[in-house]
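Under the heading transmembrane segment, TrEMBL lists A:20-42, A:294-316, A:349-370, A:390-415, A:436-457, A:680-704, A:725-747, A:767-787. Taken from TrEMBL, the feature domain 'MacB-like periplasmic core' covers A:21-237, A:473-609. Among the features that TrEMBL reports, domain 'ABC3 transporter permease C-terminal' is placed at A:300-414, A:684-785.
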Amino acid sequence: MLKNYFKIAWRNLKKDKSLFFLNSSGLAIGIASCLMISLYVWDELSYEQSFDNADRLARVVLRGNVNGEELKEAMVAAPVAKSFKADFSQVKNATRLSMVYNPQVQYKNTSYEELKAAYVDPNFFELFHLNFLKGNPKTALENINSIVLSASEAKKYFGTENPIGKRIQFQDIEEALEVTAVLEDLPQNTHLQFDVFIPMQHNTRSTSNSWVTSGFATYLELQPETDLAQLEAQIPALLEKYIGDQVKQAIGISYEEFQQNNKLGLFLQPLTDIHLYSDFSPNTELSPTGDIKYVYIFSAIALFMLLIACVNFMNLATATATKRSREVGIRKVLGSAKKQLITQFLTESILTTTFATLLAIGIMALLLPAFNTLAGKELALLDFISVQNILLLIVFILGISLFAGAYPAFVLSGFKPLAAITSKVSRSGRTTSLRSGMVIFQFVISASLILATIVVYNQMQFIQHKKLGYEKGQVIVLRDAYKMGSERVNAYKEELLQNPGIASISRSAFVPAGETDNHLRGIFKNNTYLRKFFFYDVDEQYIPTLGLELIEGRNFSTELKNESDKVILNEQAAKILGLGENPIGATFERAADAENERLTVIGIIKDFHFKSLHSEIDPLVLAYNPYGGLIVKTKNADVAGILDFAEEKWATFNPEQAFIYSFLEDSFEETYRKEEKMGVILSIFTMLTIFVACLGLFGLITFATEQRFKEIGIRKVLGASVTEIVALLAKDFIKLVAIAFLIAFPIGYYLMQKWLQDFAYRVDLELGQFVLAACITLFIAMATISFKSIKAALQNPTQSLKTE
Amino acid sequence: MLLQLNHIYKWVKQGGKRVFLLNDISLQVEEGEFISIMGPSGSGKSTLLNVIGMLDEFQEGEYNFLNESVHTLKEKHRSKLYKEYIGFVFQAYHLIDELTVYENIETPLLYKNIKSSERKALVADMLDRFNIVGKKDLFPSQLSGGQQQLVGIARALIAKPKLILADEPTGNLNSKQGEEIMQLFKELNQEGVTIIQATHSEANAEYGNRIIHLLDGSKTKA
Ligand SMILES: Nc1ncnc2c1ncn2[C@@H]1O[C@H](COP(=O)(O)OP(=O)(O)O)[C@@H](O)[C@H]1O
Ligand SMILES: [Mg+2]
């Protein structure tokens, strides 16, 4: 009997090839998108799961609000780990990690850069159970002159030789470090992306007792069944105990007073939340984080794609039911029970779904590389082949078959045999209105997605064309130039200035986009702590090179000596300091190691976006302290030539180091890469969704024209024009699409409003965007409908009349 | 006694008025009979056959089939009854286009959950008997009208019904083919199968041993 079901199902599918094609290709696209996104979501959710004790690890983070300044940091002060372990019985173990900035190592006269290295406490591997290929995790970092490498890093230095016992020279560490252990490369789905681990003692700040400075990613291993919230509640008392004195010393008020006006505290974050639920300032994170919002967005898209494809299936199956009604009738007369017919139809839907799924897996295999580039992932289909997943896929296929096939199966099998045989099965009101409902549903989703795509596109355009307050064009950043040493940088700069194509050069490690130094310093006014301000250490060429606008006072000058206690403020800083009408000459103090420094304002610059448009403009102080690499503004000249020139000169000053440059404009765009990618992904899936929805619409209109074949013929004989007939056929569907707008746009408005909230600077939602979305949707629907209906309308009427 | 209709009324409402399709029909059929129902087009022949075949409902009256009162039975029970005892032959054959001759004949057996080996034997017998073994893998569209009707009859017989209901079985056939089919019915009847056929051909009606005349849903004396 089962075999029979399959045989018949197969023949039926073969018979109506175009229907089968519409059904299975729509489903395949839906399933492929859904599976692909599932892989992505799966990967995003898998972060840190490779640590067997992940559920007992937590990170200590800092949140606070100090005089209006939001603090969100994923790194905390050096003594936190020690104190937490000592004071809290729930904390079984605590460890720290801090990054090594610009590490360099040497082995046998070869030097290596660009490695990912971290200082870690010796007990680090007791918390993070990494896979040791060689060496002992307990003792690996016991000795101060030890080093632990990942397998691929070890291979880089030693090839096939045994790395254990080899010594390599680490920059800024006098004695060579001995390799004591080799780790399996860390998985991609952890925020710990390091290849080299060295003992924490080498970080001189690691023994500091200061609770005010920061810089240590701090992790706790908790006793089983520790309640995080309960532990968190005990933190304030601990803070008061340890930092009360330090606060008083640093800012002159008691901890209690300080907490009255400010909120500052340490909190615990489960390790597994790090990737998706972090909102800490990026420079305190060890690696870029994901965002649960995008996981939701993409999951929703995946689900909708699948739903739309299933709806197609249902729609087409019920619409074409009349074609099958005779068969149903005969079978019933021959003794088929309703149950048997349902099984028959479900078998067809299982076959279609299975075929579609296989097709989908093929599509995925083809498109996964492109998707990976887009999503910044390294997903591989092969990694997902397991007995469990294959079973899951089978359940998935059955689920889809049931979901898509159940309704048509029940409708079809419910036909009364006599009526079915004589084809008196009317287009019953119930199925027609349900079908209309489903078309509306599909176009609600399509129209919403089109709207979303338009809004995202507008926002990206807005960012690109936003007046930033600085000129990002024709600016080359040679950030690494600092490595050649201060004197040589200056000489190199003089050489470059000989090139007539170069307008100006500034020496500074601070740039408004891309990799930059970042200094936040405490500000005092009249000896009272105010808050932290951003400080940019610059030279006198900084303002012209970046095209900043000086609105009051003067720029720094090389002629004048003693510029080091002079500063230029942005408008925001002047406002917060309350400098009023005459800011020039005003003074304030900056926190320093011994005594606070007094600074004098010599100029005010217009606010410019020195951070991304996600955030409001913060107060900024430009101080005269030239260091770091070079920022080169070129004239409207041959940029390639200038780069060649700069590289050539670079080689004469600094042959050991590679010439690395970046365009400020590129770095700027990089800042919005996440949104841009999201825009691209969104538009791709929007197109796919619309395509699938149109497949369904195409199927329905095909069926409708077939059904009205004779009517069309008669109308033509009676003198109807082609347009009138197309209008006749299109009318019903266009009405549905219009209703879809009414539902889609309020939803779209709400969701896009939420998305835009992420940007401090953003476009407004306008009527125009909705009109455009409506037009595009209507146009696509109309095109789909016309394609078929025009053909029907052009048919020779005698032909259609002859068929009866 | 095979079946008995007592004062069957069937009507539809048209513009608030009752239009009678069957009007006070009483009929008793013994096993082994061959009955022809005659009447002009629209007189209610098909309606009556459908009622007897339990495919159609009626509003008033009693219907007993093998001592079961059909009018009180639930749908499920009723379909079990006709699945067991009744075979249909249609004017338009109503073969399933997607199935081969073999499979068309086999279908009723599938719905009776008969084992595969047994099914094979039964279908083979039937193909043999109707001399269509050579055509068993063809699809209905590849057969002539007469051949299609042969398959239709074979299919009706495969489940060994007590009663065959044939609604103008020769209506779409030429006279020679029609005669062959009628001859076949006669043989079947002689083997003991009860047959009720609707027809408007005098000649075909004569094959039966009893003729019932219908006009506007009522039995008339011929
Ligand atoms: N469901 C129905 N609604 C209204 N009239 C019907 C219906 N079914 C049959 N009829 C009418 O009942 C009459 C008898 O039909 P039918 O039994 O098919 O006649 P016959 O088979 O003798 O040609 C016809 O006039 C037909 O139009
Ligand atoms: Mg009739």
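Numbering starts at 1 and runs along the chain as displayed.
Any Cβ shown, glycine's included, is placed from N, Cα and C.
Mapped onto DSSP helix, strand and coil, the domain 'MacB-like periplasmic core' (A:473-609) counts 30 helix, 50 strand, 57 coil.
Each residue in the domain 'ABC3 transporter permease C-terminal' (A:300-414) gets a DSSP state, and the totals come to 102 helix, 0 strand, 13 coil.
With a threshold of 8 Å between CB atoms, the same-chain residues lying at least 6 positions outside the transmembrane segment (A:725-747) that come near it are 436, 439-448, 451, 697, 700-701, 704-705, 708, 712, 715-716, 770, 773-774, 777-778, 781-782, 785-786, 789-790, 792-793. For the transmembrane segment (A:436-457), the most Cβ-contacting stretch among A:294-316, A:349-370, A:680-704, A:767-787 is A:680-704 (pairs under 8 Å). The DSSP breakdown of the domain 'ABC3 transporter permease C-terminal' (A:684-785) into helical (H, G, I), extended (E, B) and coil residues amounts to 87 helix, 0 strand, 15 coil.
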